[in-house]
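Copied over from TrEMBL:
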DOMAIN    31-188  domain 'Fructose-1-6-bisphosphatase class I N-terminal'
BINDING   Glu90, Asp109, Leu111  Mg(2+) 1 binding site
BINDING   Asp109, Asp112, Glu275  Mg(2+) 2 binding site
BINDING   Asp112, Gly113, Ser114, Ser115, Asn203  substrate binding site
DOMAIN    196-326  domain 'Fructose-1-6-bisphosphatase class 1 C-terminal'
Amino acid sequence: MAIGSTLSEHLDAEVARDASLADTAKTILALAAASIDVSEICARGALAGDLGAQGETNSDGDVQKALDVIAHKRFTEALQSAPVAEVASEEADDVMVLNPGAPLAVAIDPLDGSSNIAVGMIVGTIFGIRPVVSDPSDPNASFKTPGTTQTAAGFTVYGPATTFVVTLGNGTRIFTLDRTDKVFRLTHDALKVVATANEYAINSSNGRHWDVPVKAFIEDCLRGEEGPRDRNFNMRWTAALVADAQRVLIRGGIFLYPGDGRKGYEQGRLRLLYETAPIAFVMEQAGASATDGQTRILDVVATKIHERSPLVFGSTDDVACVAKYYEGRQPAAGRSPLFGQRGLMRS
Ligand SMILES: O=P(O)(O)OC[C@H]1O[C@](O)(COP(=O)(O)O)[C@@H](O)[C@@H]1O
Ligand SMILES: [Mg+2]
Ligand SMILES: [Mg+2]
C-alpha cells in the first residue's frame with residue numbers, strides 16, 4: 001500500500017484479501033473515528049478543562065481521571081454503531097453488552113498512560129478485537145480465549161502527532177492523523193522491528209521489588225561494555241505503554257513491566273485483555289516478540305476481564321535474552337564466580 005493511503009483504503013484492501021475481516025474493519029473505523037475526537041480534546045490540553053481531575057476508583061483500583069471517563073464514553077458510543085456485541089473496558093467493572101447478536105467483542109483501554117494526563121504528556125488508547133463466544137453460563141466467555149484469537153489489535157498515540165497503529169494479522173502499520181482532512185494516512189508500512197537494540201524501558205523505581213531474573217538482567221544492562229552484554233544501554237520510560245510501544249516499533253529495544261513484590265503487583269501492573277494481548281499481537285506482526293517471562297503472551301488465556309499479566313516485549317533477540325535470565329541460564333555478572341567475567345556469558 002502506498003505511503004499516504006488512508007486507513008479506509010488499507011482496510012478495504014485487507015477485506016479484499018480476507019472477506020471474513022469485514023466486521024473487524026468496520027469496528028476499526030469506528031475506533032479510529034473516536035480516536036480523532038479524543039485527539040482533538042488532548043490537543044486542547046488545559047483549554048479543554050481539567051482533564052486530570054480525579055474521580056471514582058475503577059475496578060482495578062486506579063483513580064479515574066476526567067479524560068479516562070470522557071474517552072471511555074466516546075469509544076463505547078462509537079462501538080455502538082459497529083458490529084460489536086460486547087466490550088471489556090478498563091473503566092467498566094463488567095463486560096458491557098452493546099449489540100446482542102453481533103459477531104465481535106472488543107477489549108479496550110480507553111485512555112492509556114493516565115498519570116500523564118495532568119501534565120500534558122503522551123497518552124493513548126489500546127484495543128483488541130476478537131470473535132464473540134456464546135456461553136449463557138458465562139458473560140465473560142468471549143474474553144476467555146487466547147490472544148491468538150484476536151482478529152485485529154492496535155493503539156492510538158496522542159502525542160506531538162496522533163498515530164493509529166494497527167494489525168489485522170497481516171503486518172503492523174502506523175497511520176498518522178492528517179488534521180486537515182481528518183483522516184489517518186499510512187506513514188509506516190509493514191514494520192520490521194530490528195532484532196536487537198541498545199535501549200530498554202522499565203520503571204526502575206520498583207527495582208528493589210523485582211524478582212531475581214529481572215534484577216539480574218537490568219544489572220547486566222547497567223554494567224554496559226564492562227558487563228556480559230558487552231555494550232552500553234540507554235533507558236527510556238514514558239509512563240505510557242503506547243508511547244514506549246511505538247518507540248520500540250520504530251527504533252527497536254525492549255520494554256519490561258514484570259511482576260514484583262509489591263502487594264497487588266505479583267502479576268505486574270498491565271492488564272492482559274486490553275493492554276498486553278493487543279500489544280503482543282502488534283509486536284509479533286512487526287517481527288518482534290512478547291512474553292510474560294515464561295509464556296508467549298498470545299497463548300495466555302484470561303480467567304477474569306481485568307486480569308493482570310507481566311509483560312516483556314520488543315526486539316526478538318533482546319526478549320530471548322530476558323527469557324534466558326528467567327530460565328536461570330544468565331545470572332547477573334558478578335553474582336556468581338562462573339558468570340563474573342566479562343564476555344563469558346553473551347546474550
Ligand atoms: O506508573 P507506572 O508504574 O510507571 O506504570 C506506568 C504504566 O502504567 C500504565 O499507565 C497503565 O495504563 P493505564 O494508565 O491505562 O492504567 C501504562 O501505560 C504504563 O506503561
Ligand atoms: Mg493502560
Ligand atoms: Mg487506561
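Even glycines carry a Cβ here, placed using N, Cα and C.
Asp112 (Mg(2+) 2 binding site) sits 9 Å from Glu90 (Mg(2+) 1 binding site), taking the CA atoms of both as reference points.
Per Cα geometry, Asp109 is the residue among the binding-site residues Asp109, Gly113, Ser114, Ser115, Asn203 nearest to Glu275 (Mg(2+) 2 binding site). For the Mg(2+) 2 site, the Cβ centre of Asp109, Asp112, Glu275 serves as reference, and the other residues of the chain with Cβ at most 8 Å from it are Glu90, Gly113, Gly124, Thr125, Ile126, Phe155, Leu241, Val242, Leu270, Arg271, Tyr274, Pro278. Ligand 2 lies under 6 Å from the Cβ of Asp109, Glu275, out of the binding-site residues Asp109, Ser114, Ser115, Glu275.
Other residues of the same chain near the Mg(2+) 1 site, with their Cβ within 8 Å of the Cβ centroid of Glu90, Asp109, Leu111, are Asp68, Ala71, His72, Ser89, Glu91, Ile108, Pro110, Asp112, Ser114, Thr125, Ile126, Tyr274. Listed binding-site residues: Glu90, Asp112, Gly113, Ser115, Asn203, Glu275. Those with a CB atom under 6 Å from ligand 3: Glu90, Asp112.
Take the CB of Gly113 (substrate binding site) and look out to 10 A: across all protein chains shown you find 22 other CB atoms. Note: the Cα of Leu111 (Mg(2+) 1 binding site) and the Cα of Asn203 (substrate binding site) are spaced 19 Å from each other.
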